[in-house]
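Asker: Sharing a structure here in structure tokens format.
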Amino acid sequence: MRKNLTKLTRVKRETKMGRATRWFKGLFGIKPSSCSGTDSGTISNRLDRSLCDSYETIPPNISEKEAAWLRSFYAAGEEEKERRTHAIAVAAATAAAADAAVAAAKAAAAVVRLQGQGKSGPLGGGKSREHRAAMQIQCAFRGYLARKALRALRGVVKIQALVRGFLVRNQAAATLRSMEALVRAQKTVKIQRALRRNGNAAPARKSTERFSGSLENRNNGEETAKIVEVDTGTRPGTYRIRAPVLSGSDFLDNPFRRTLSSPLSGRVPPRLSMPKPEWEECSSKFPTAQSTPRFSGGSPARSVCCSGGGVEAEVDTEADANRFCFLSGEFNSGYMADTTSFRAKLRSHSAPRQRPESNASAGGWRRSIGGGGVRMQRQSCSGVREAVVGNIERRRMRW
């Protein structure tokens with residue numbers, strides 16, 4: 001009896017395993033190999049195809065690069081085959097575990113049913129000894145199958161965990177490599193941008209250093225003596241102010257000196273006096289208190305002549321052109337030179353106004369009629385000298 005039961009269970013198990021295996025083979029497209037019906041042509045084709053089925057059968061008449069490529073190709077193919085066989089084995093184990101679990105569940109249900117029938121059946125007390133023995137054998141065998149199915153399920157779970165961990169680790173490593181490459185690329189781009197910025201800032205720094213050096217040279221070449229003379233020439237309303245501030249070399253080397261033409265230059269051209277080769281003409285747009293309409297009567301235009309020993313400004317006041325060029329090297333004209341605010345600022349820093357109509361208060365002025373107009377001379381020029389010196393000192397402190 002026991003032998004028959006053992007054989008029966010073995011046959012059932014083999015049939016179930018065979019069905020599961022055949023089902024998986026059909027699922028993955030694995031067909032049994034048949035050698036019948038093969039001719040010589042197909043055999044030769046198979047032999048030709050199987051010449052390079054693995055990296056061990058690579059022909060020696062190919063180059064090293066091709067051999068290396070074939071080795072890598074076959075290695076990748078072998079890895080793919082191993083993965084496929086591993087997946088098939090895992091699937092087969094899972095199917096076997098599922099079959100075992102189903103069998104265990106059926107056995108447990110049968111045991112429960114038999115126990116219930118034995119307790120409540122009419123023949124519960126009159127069962128034979130062989131029947132009870134068969135029930136015990138079935139219970140033991142079903143318990144064994146259930147334990148085996150449980151072990152198979154645990155193994156499947158462990159295999160799945162290993163495979164998933166391997167895949168997750170590979171994905172994490174690939175992500176880290178891509179992030180490192182991205183960080184390196186960003187670092188390279190930042191370094192290139194910083195180098196470009198430093199290269200663009202270098203010329204500006206050099207020009208600033210050149211500008212400061214020229215200012216230092218200009219400040220070192222200044223003189224403190226200021227001479228104010230009263231013009232006693234034949235032309236009326238003419239004043240000459242001589243301020244030896246710069247040397248000729250400093251004035252000519254000044255890169256910020258510009259020659260600006262007066263707005264009235266087309267109508268009244270400026271005069272150019274060149275007693276020395278290094279003198280140059282310079283006309284500007286800076287007004288002073290002496291060039292206002294209240295002080296200036298009607299007179300021709302004005303000009304400034306720059307000499308090697310200083311700066312000589314000859315001002316001819318005129319009602320139409322309220323301009324005065326005082327080029328001492330301490331300032332240069334820019335794009336804000338011809339605005340109202342800049343003119344007011346220069347007027348506030350210039351010498352105090354001297355009104356010709358106040359005879360009692362301006363005791364230092366003397367009127368004389370000669371030539372073709374009224375000529376005013378001042379015996380004492382201390383006020384004008386102090387104003388010019390203060391203006392130059394303020395310009396120097398500003399620079």
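Any Cβ shown, glycine's included, is placed from N, Cα and C.
The motif 'Nuclear localization signal' annotation in Swiss-Prot covers 1-8 and is backed by sequence analysis. Per Swiss-Prot, the feature region 'Calmodulin-binding' maps to 81-91, 99-110; the stated evidence is an author's statement. Under the heading domain 'IQ 1', Swiss-Prot lists 130-158. Residues or ranges marked as domain 'IQ 2' in Swiss-Prot (evidence: sequence analysis): 159-181. Taken from Swiss-Prot, the feature compositional bias 'Polar residues' covers 285-294.
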Asker: State the non-local partners of the domain 'IQ 2' (159-181) in its own chain: residues 6+ outside its ends, Cβ under 8 Å from one of its Cβ atoms.
Answerer: 86, 90, 93
Asker: Would you report the average pLDDT that the model assigns to the domain 'IQ 1' (130-158)?
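Answerer: Computed over the domain 'IQ 1' (130-158), the mean pLDDT is 88 on the 0 to 100 scale.
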Asker: For a three-state summary based on DSSP, what are the helix, strand and coil counts in the domain 'IQ 2' (159-181)?
Answerer: 23 helix, 0 strand, 0 coil
Asker: Work out, from DSSP, the number of helix, strand and coil residues along the region 'Calmodulin-binding' (81-91).
Answerer: 11 helix, 0 strand, 0 coil
